[in-house]
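Enquirer: I have a structure I would like to understand better, so I am pasting it below and will then ask my questions one at a time.
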Amino acid sequence: MEGDSYGNATTINGTPVNHQPLERHRLWEVITIAAVTAVVSLITIVGNVLVMISFKVNSQLKTVNNYYLLSLACADLIIGIFSMNLYTTYILMGRWALGSLACDLWLALDYVASNASVMNLLVISFDRYFSITRPLTYRAKRTPKRAGIMIGLAWLISFILWAPAILCWQYLVGKRTVPPDECQIQFLSEPTITFGTAIAAFYIPVSVMTILYCRIYRETEKRTKDLADLQGSVSVTKAEKRKPAHRALFRSCFRCPRPTLVQRERNQASRSSSHRSTSITGKPSQATGPSTNWAKAEELTTCSSYPSSEDEDKPATDPVLQVVYKSQGKESPGEEFSAEEAEETFVKGQTDKNDCDSPDYFLSPAAAHRPKSQQCVAYKFQLVVKADGTQETNNGCHKVKIMPCSFPVAKEPSTKGLSPNLSHQMTKRKRMVLVKERKAAQTLSAILLAFIITWTPYNIMVLVSTFCDKCVPVALWHLGYWLCYVNSTVNPICYALCNRTFRKTFKMLLLCQWKKKKVEEKLYWQGNSKLP
């Protein structure tokens, strides 16, 4: 052993006996190291247990993202209970006194838990990245079951990578080369192997996580800017809210028999008993043209749809007609009404070339500059045959139903053209989603930063020792390795600092107020249930 001044040996029956097993350190060093590491270990255990209990008792924390944090807390708890205390004992005693089997079990548990922390951070980074960049496709698949599968894979990969090699390497090579009073991984005795494991276990994951976080940050900032532009676009004045409706002429030839002379006479005789058209207005057709069928909307059903590029190449026999409808009892000639009362829609009109030769449809001026996003409306029309030059309608024709168009849904619908109330609701929802995304990104950034700060010193020393074996002091090795453990202490603090729900739940649990809160909630709901 080094340093005879640290020893305190006496003799019994001529045999030297060492009463001071901590001969590498002075007494004050032992007390300081033991006290500091014990406090850090206690904070690590309490913090990660709080994370687990909070996830259990608070349903607001049972989100997919927090499942990954729960897995990370499990790995950190293992490190806080076993790794920190055993490694501190090894440092203070200067030798391993628990035997080779306990050494291998500790190393396997230590490396599996540490690698699981890295894998969980990698999974969290990918989860955040896909949630931000592919919100429609990925979030539909983002379920607790899938999160459990990813967590299981992270632990399984970590176990396969380290546990068999640590426990079985001495049997593969035929002997154990690690001295009895030391505890280290046998196959990491070569600096080149140590260098390779550091690259695979730290530098590659950190590089991937950093790239993903940079992209997450850019996408979040882009969405923040887009949301600000969207909020500005929906802040219109009262004068802009009330716009005159664009009347659309709807004329299409259906399979309806040409009116006879008797029917025309009846139509002219029924001018005074007309029905108000609530949705479609038109003009009389020419006498030389074919019979024109005028439609009155009875029922409608709206559905959101968005056309693809293929829909822009429709033939003329399958026209897209723009229709403006109004609610009952609000129509008057020349009356202006707000966007809440009127909607511009697109309806596919089916025509038959054998029935007519006149143009199939007319579009209002607004239709020429219609944006890509559209709303389909399924109308139930009543065909009314009009005599030439008449203004009134006849209710004696057949009913024809125009089926809704089936356009493929686009990725992100626009709020342009919607009513102000609906636009405001959509903007508010987007803002809430963006706030949640930013909070999750902040939590990820804090965890990632803590991971890089605590793990980088040790892995730099690993690279240095590959080229210079004696350049890194033993004390610095111990400090760097212990600093990796401190990451497990910092993680719960990051959750509390970045997530208000975690912070409030931690506070209630530490102050023993959670049970009181549950009782108050129970009494509140019982009181409300008794109200008439």
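Placed from the backbone N, Cα and C atoms, the Cβ positions cover glycine too.
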Enquirer: Write down the residue from ASN8, ASN487, ASN499 that Swiss-Prot flags as N-linked glycosylation site.
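Expert: Record lookup in Swiss-Prot returns N-linked glycosylation site for ASN8.
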Enquirer: Identify which of CYS74, CYS103, CYS256 is listed by Swiss-Prot as the disulfide partner of CYS183.
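Expert: Checking Swiss-Prot, the candidate bonded to CYS183 through a disulfide is CYS103.
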Enquirer: On the question of membrane sidedness, does Swiss-Prot record ALA440 and GLU29 within identically named topological domains?
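Expert: Judging by the topology that Swiss-Prot records, the two residues are on different membrane sides.
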Enquirer: Could you list the residues of the same chain, at least six apart in sequence, whose Cβ is under 8 A from the Cβ of CYS103 (disulfide bond)?
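Expert: CYS103 (disulfide bond) has long-range Cβ partners TRP96, VAL178, CYS183.
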